[in-house]
Amino acid sequence: MTVRAPAKVNLQLSVGPVRDDGYHDLVNVFHAVSLFDEVTATPADALSVTVDGPATVPTGPDNLAARAAALLAEHLGRRPDVALHIRKDIPVAGGMAGGSADAAAALLACDVLWEARLDRETLLELAARLGSDVPFALLGGTAVGLGRGERLTAVEVTGEFHWVFGYADGGLSTPAVYAECDRLRAAGEQDSVWPQVSDDLMAALKTGDAEALGRALHNDLQPAALSLRPSLRDALRAGRAAGALGALVSGSGPTCAFLAASLAHSAELAAALNESGRFAAVRPASGPVPGVTLL
Ligand code: ATP
């Protein structure tokens, strides 16, 4: 069974104050884009993971795809006797939820392989136990995520948006970026307000207005990502100078997302960003795309 899962970019990521349980209340507008990992599940004697991609991806029980298979097996009361092979195209620790995509893909692949065919609600519930971004990878499209990001409502979108993603050399740890966000706020360098869904963003998505979407993009984690990786400032500037309608750090970074006006513009933008020499790789993509899909 081979399942494809998309990367996400956060069109809005608003971070509320720290809760008693250490998490933050978020307003998260997820948007699935056409950069995909693939997970293949094959019957085997025991659970194993192999990865076609960067050596930084763990191959032991810590791999999120392995955790997904183990959780599903436990739920079904069976042995997790499956070999998972991950083909990675989503940048690792890049703020595009690649690990979560692999977890969602493994859930679906094993669900089909083991002929469990769980209903969507149950899969979403298992996904939420694996991580806040995993339910969205199952659903795809564009969705508002509340709570820790896992309570999802689909958002109406007209048409397609064209993006260019600038990958960085090396990743950023998501907990480290949240900790830096807390530090900046405690030092009075960043405000902490109760997060709300942006009406301007919802209107831009509904009408398919790329210019308005470019203006409405917002990421509360961006100051923290820039603080930890100052070179991202120039990377974002390079995109704006090349005519991007919007430029922001994707999630916890360090991947940068640039919104283009059209498909043709995304090719021009990608060429200009390649030329800038500020990125390890530059990838055009479109969104929204569906969530995990059996190939
Ligand atoms: P997010 O946007 O959800 O915060 P991210 O895109 O920044 O996440 P990931 O690529 O999902 O980061 O991975 C973060 C860490 O999780 C990696 O550094 C790696 O150690 C670990 N990890 C576990 N499983 C995987 C996987 N299948 N793919 C990538 N990383 C994984």
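FYI, residue positions are counted from 1 along the chain as it appears here.
A Cβ is built for glycine as well, from the same backbone N, Cα and C atoms used for every other residue.
What TrEMBL says about a protein is an automatic prediction, not a curated fact.
If you look up TrEMBL, you'll see Lys8 (among others) marked as active site. Non-local contacts of Lys8 (active site) by the CB criterion (under 8 A, 6+ apart in sequence, same chain) comprise Phe30, His31, Ala32, Val33, Met96, Ala97, Ala101, Asp133, Phe136, Ala137, Gly251. Reduced to three states, the DSSP call for Lys8 (active site) is strand.
The annotation active site is assigned in TrEMBL to Asp133 (among others). Taking the Cβ of Asp133 (active site) as centre and 10 Å as the limit, one finds 28 other Cβ atoms among all the protein chains shown.
Ala97 (ATP binding site) carries neither a helix nor a strand DSSP state and counts as coil. Around the Cβ of Ala97 (ATP binding site), 31 further Cβ atoms fall within 10 Å across all displayed protein chains. Annotation source TrEMBL lists ATP binding site at Pro91, Val92, Ala93, Gly94, Gly95, Met96, Ala97, Gly98, Gly99, Ser100, Ala101.
In terms of DSSP secondary structure, the domain 'GHMP kinase N-terminal' (63-141) contains 46 helix, 7 strand, 26 coil. The domain 'GHMP kinase N-terminal' feature in TrEMBL is assigned to 63-141.
For 201-277, the entry in TrEMBL reads domain 'GHMP kinase C-terminal'.
Note on the domain 'GHMP kinase C-terminal' (201-277): DSSP counts are 46 helix, 11 strand, 20 coil. Across the domain 'GHMP kinase C-terminal' (201-277), mean pLDDT in this model comes to 97. For ligand 1, the neighbouring recorded positions among Pro91, Ala93, Gly95, Ala97, Asp133 are Ala93, Gly95, Ala97, Asp133, by Cβ distance under 6 Å. Counted within 10 Å of its Cβ, the other Cβ atoms near Ala93 (ATP binding site) come to 21, all protein chains included.
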